[in-house]
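Here is what Swiss-Prot says about this protein:
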type	residues	note
ACT_SITE	Arg209	active site
ACT_SITE	Glu238	active site
ACT_SITE	His255	active site, proton donor
BINDING	Ser45, Thr67, Tyr259	substrate binding site
BINDING	Gln127, Val128, Asp147, Thr176, Asp233, Gly258	NAD(+) binding site
Amino acid sequence: MKILIDENMPYAEALFSQLGEVTMKSGRTLTADDLVDVDALMIRSVTKVNESLISKANKLKFVGTATAGMDHVDQELMKERGIFFTAAPGCNKVGVAEYAFSAMMVLAQQQGFSVFEKTVGIIGCGQVGSYLAKCLEGIGIKVLLNDPLKQQEGDTREFTELDTLLEQSDVITLHTPITKTGEFPTHHLINEQVLNNLRADQILINAARGPVVDNQALKARLQKADGFTAVLDVFEFEPEVDFELLPLLAFTTPHVAGYGLEGKARGTTMIFNSYCEFLGTEQRAYASDLLPTAPVPKMKLDRAWDEATLHNLTQLIYDVRKDDALFRRNISTPGSFDKMRKEYWDRREYSAVELTGDESCNLTPLSKLGFMVKPTL
């Protein structure tokens with residue numbers, strides 16, 4: 001049995017080699033010839049699975065993407081060809097949410113505002129958007145939600161019309177898939193008209209899909225230099241980036257918002273377990289068994305936490321400025337976008353750290369943000 005796997009999928013080689021002959025390759029450069037005689041394909045979002053890619057896939061029966069998003073796979077084609085397809089919904093929701101929160105916290109320091117006095121508008125309320133909303137509300141930050149598809153499906157949460165959310169939010173963070181058809185397409189959802197209507201004191205964060213934001217229109221909006229702030233983890237034509245846009249962004253990174261070690265381990269184990277089920281084997285893998293101990297596994301609070309404490313705690317675990325600096329320093333080198341993704345550091349989630357403290361420390365909200373908490377007597 002031959003299994004072809006994206007080389008940027010941690011733990012995959014060791015796990016899948018238990019099931020067959022494994023080949024690791026760059027997911028972005030896969031060709032039809034690579035899939036000849038391949039039984040199973042394990043990918044991430046950079047691989048577009050379409051008619052061209054699988055035109056020579058004479059034995060392909062299983063495709064798994066170790067990502068929550070599925071818009072890079074032609075699912076109708078999978079059905080037509082009798083190829084079983086699976087994804088890893090929610091695997092990276094924590095990492096993406098913590099990326100967005102890190103950007104908010106650092107900007108709060110730089111621009112001199114309190115995150116607790118801001119309203120955060122979340123566009124797209126699937127796994128990531130819903131998790132981010134839960135975290136923010138858990139620590140007392142006001143949230144507005146927009147997701148017309150969820151609303152149509154009967155989701156009982158309180159949703160806000162898009163125009164109202166754009167007007168009333170101080171921070172706008174995007175967590176939609178990319179769609180070009182249907183009643184609510186997201187391609188260029190944030191277009192020239194939307195951008196020109198945003199206030200100078202608003203912040204836009206895109207850690208979803210690059211084409212959700214019209215990058216040329218965003219560049220023009222930022223060139224007004226009126227204080228409007230944007231953070232991009234994704235680009236419209238990645239891995240190509242607009243070098244005129246980069247210096248205008250507060251923070252920018254090469255599509256790594258969801259690249260936390262826990263998220264990648266979850267994605268790998270989820271599709272490994274799906275493949276085991278597909279094969280009818282009883283083997284299973286668990287992300288928690290694969291993860292190393294965090295560099296700072298425990299911290300003790302000696303008083304009630306405040307916003308300064310929150311800044312320190314979250315930045316100790318993940319500070320978006322680290323990835324921003326690495327990206328800006330290396331992006332001019334050809335191939336650096338994918339190289340940084342491939343060599344990404346072992347970033348951890350808040351849950352890797354156990355916080356202890358007595359009742360006066362008020363640890364419960366921090367648990368809602370994702371930290372492991374252990375009250376002491």
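For all residues, glycine too, the Cβ spot is worked out from N, Cα and C.
Working note on the recorded positions Asp147, Asp233, Glu238: by count of other C-beta atoms within 10 Å of each C-beta, Asp233 ranks first. The Cβ of Gly258 (NAD(+) binding site) lies under 8 Å from the Cβ of Thr67, Ala68, Cys91, Asn92, Lys93, Gly95, Val96, Tyr99, Val128, Ala207, each of these being in the same chain and 6 or more residues away along the sequence. Here the candidates are the recorded positions Gln127, Asp147, Thr176, Arg209. The one whose C-alpha lies nearest to that of Ser45 (substrate binding site) is Arg209. Proximity note: of the listed recorded positions (Gln127, Asp147, Thr176, His255, Tyr259), His255 have a CA within 10 Å of the CA of Glu238 (active site), given in sequence order. Local packing around the Cβ, expressed as the count of other Cβ atoms within 10 angstroms, is greatest for Arg209 among the recorded positions Ser45, Gln127, Arg209. Distance from the CA of Gln127 (NAD(+) binding site) to the CA of the residue listed as 'active site, proton donor' is 18 Å. All chains included, 29 other C-beta atoms sit within 10 angstroms of the C-beta of Val128 (NAD(+) binding site). In this record, NAD(+) is bound by Gln127, Val128, Asp147, Thr176, Asp233, Gly258; the longest C-alpha to C-alpha distance in that set is 21 Å.
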